[in-house]
Amino acid sequence: MKRIDFTLYAITDRSFIKGMDIAEAVEIAIKNGVTVVQLREKDISSREFYEIALKVKEVTRKYNVPLIINDRVDIALAVDAEGVHVGPDDLPVGVVRRILGPDKIVGGSAYSVEEALKAEKEGADYIGAGSVFAQPVKPEAEVIGIEGVRKIKEAVNIPVVAIGGVNKTNAYEVILHSGVDGISAIAGIFDGDIEANTKDMLREIRRAFKERGK
C-alpha cells in the first residue's frame with residue numbers, strides 16, 4: 001500500500017449535500033484540502049451506489065486522492081476504488097483483506113483498544129477511532145472521548161483518524177491531545193458551506209500538527 005495522507009478524511013452523507021450531487025460536493029472538498037474520501041451512502045440500491053461511486057471515482061482520480069468505499073467490497077472492486085472501510089457490523093477486516101488482496105487499503109472502525117488491535121492484526125491499514133463526541137449522523141455510536149482515541153493511537157502501529165462529532169471548533173484539541181494522524185468528518189465538512197468548513201478545519205488541524213511538532 002502506498003503512503004496515504006490521512007490529514008483530512010471526508011465521509012459523504014447525501015442528507016447534508018444540498019443543491020448539487022455528491023461528486024460535485026466531493027470536488028469542492030478536495031479542492032479545499034480533503035486528502036481522503038470515503039463514499040458512505042446508506043439506504044440506496046446497489047445500482048445507484050455503483051453509479052454514484054463511478055462519478056466520485058472520476059473526481060478522486062482527477063486529483064489523485066484515494067477513494068474508500070464504506071462496507072461494500074463489491075462496489076469498491078467494480079469502480080476500482082483504492083480501498084474499503086468496515087465497521088463492527090460489516091464483514092471482518094480479515095475477510096475484506098483476503099478479498100481485496102495486499103495492495104488495496106482496508107480500514108476498520110474501533111471503539112476500544114481491543115477492537116483496534118484486532119483490526120490491526122487482521123490486516124487493517126488504518127483505524128477510524130471514535131466516536132470522539134456525540135454526533136448527529138450516528139447518535140447510537142459509543143462516545144470514547146479524546147482520551148479514548150489517544151489510548152487507541154498509542155496501542156497500534158498503523159495510522160489512526162479520529163471520527164465522531166469533530167468539526168472546525170474542536171479539531172485543534174482533538175489533534176493536539178490524541179496524537180492522531182488526521183480527522184475524519186461527515187457533517188463537519190458537508191453540513192453547510194463545504195469550502196469554508198474544509199478550509200477552516202484544515203487550518204485548525206495544521207495548527208495542532210505544528211504545535212505537536214509533526
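Backbone N, Cα and C define each Cβ position, glycine as well.
The feature 4-amino-2-methyl-5-(diphosphooxymethyl)pyrimidine binding site is assigned by Swiss-Prot to Q38, L39, R40, E41, K42, N70, S109, K138, with sequence analysis given as support. For D71, D90, the entry in Swiss-Prot reads Mg(2+) binding site, with the evidence type sequence analysis.
Features as recorded by Swiss-Prot, highlighted on the structure.
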residue	record	DSSP class
Q38	4-amino-2-methyl-5-(diphosphooxymethyl)pyrimidine binding site	strand
N70	4-amino-2-methyl-5-(diphosphooxymethyl)pyrimidine binding site	strand
D90	Mg(2+) binding site	coil
S109	4-amino-2-methyl-5-(diphosphooxymethyl)pyrimidine binding site	strand
K138	4-amino-2-methyl-5-(diphosphooxymethyl)pyrimidine binding site	coil
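The binding-site residues close to D71 (Mg(2+) binding site), defined as a CA atom within 10 A of its CA, are R40 out of R40, S109, K138. Counting Cβ atoms from all protein chains shown, E41 (4-amino-2-methyl-5-(diphosphooxymethyl)pyrimidine binding site) has 20 others lying within 10 Å of its own Cβ. The binding-site residues under consideration are R40, K42, K138. Their Cβ neighbour counts within 10 Å are lowest for K42. Here the C-alpha separation of E41 (4-amino-2-methyl-5-(diphosphooxymethyl)pyrimidine binding site) and D90 (Mg(2+) binding site) works out to 14 Å. The Cβ of Q38 (4-amino-2-methyl-5-(diphosphooxymethyl)pyrimidine binding site) has 24 neighbouring Cβ atoms from other residues within 10 Å, across all protein chains displayed. Over all protein chains present, the Cβ of L39 (4-amino-2-methyl-5-(diphosphooxymethyl)pyrimidine binding site) has 28 other Cβ atoms lying within 10 Å.
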